[in-house]
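*Asks:* According to Swiss-Prot, the record shows the following:
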DISULFID  41-115  disulfide bond
DOMAIN    20-117  domain 'Ig-like'
REGION    20-44  region 'Framework-1'
REGION    45-52  region 'Complementarity-determining-1'
REGION    53-69  region 'Framework-2'
REGION    70-77  region 'Complementarity-determining-2'
REGION    78-115  region 'Framework-3'
SIGNAL    1-19  signal peptide
């Protein structure tokens, strides 16, 4: 009976454990047209190296727009036509980090940028 209670208690503890996914973006700022910025996203709470990752953005007063995607191993990379040739997505699985290098910035690139799993 005592052993059974221990197992019930252990299961109850494990069921209460939750893994919180966190994605924290940094690197934004003000730049003139034609300038560059590099965004970073620090990931935690999940096995980063197992997931494709994305950058999306939301311009003032508009909906979300997909910007770019990268596969878990960086083998497959995709860009929206609006940023192709100007933006470069990359990742460092050892650092659980996602990046977006943005060059030749335009006024229409003004937005809040989010990384997404």
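Backbone N, Cα and C atoms are what each Cβ position is placed from, and that goes for glycine too.
Help me picture where these features are in the structure shown.
*Replies:* According to DSSP, residue 41 (disulfide bond) sits within a strand segment. If you take the C-beta of residue 41 (disulfide bond) and look for same-chain residues 6 or more apart in sequence within under 8 angstroms, you find 23, 24, 25, 26, 53, 55, 97, 98, 99, 100, 115.
In terms of DSSP secondary structure, the domain 'Ig-like' (20-117) contains 9 helix, 46 strand, 43 coil.
Residues of the same chain lying 6 or more positions beyond the ends of the region 'Complementarity-determining-1' (45-52) and with a Cβ under 8 Å from any Cβ of it are 19-22, 69-72, 76, 93, 96, 117.
Residues 39, 41, 43, 76-80, 82-83, 87, 89, 91, 98, 100, 108-117 of the same chain lie 6 or more positions beyond the ends of the region 'Framework-2' (53-69) yet place their CB under 8 Å from a CB of it.
Sequence-distant contacts of the region 'Complementarity-determining-2' (70-77), counting only residues of its own chain at least 6 positions beyond either end whose CB sits under 8 Å from a CB of the stretch, comprise 49-54, 89-91, 93, 98.
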*Asks:* Measure the Cβ-based neighbour count of residue 115 (disulfide bond), defined as the other Cβ atoms within 10 Å of its Cβ.
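*Replies:* 24, counting other Cβ atoms within 10 Å of residue 115 (disulfide bond).
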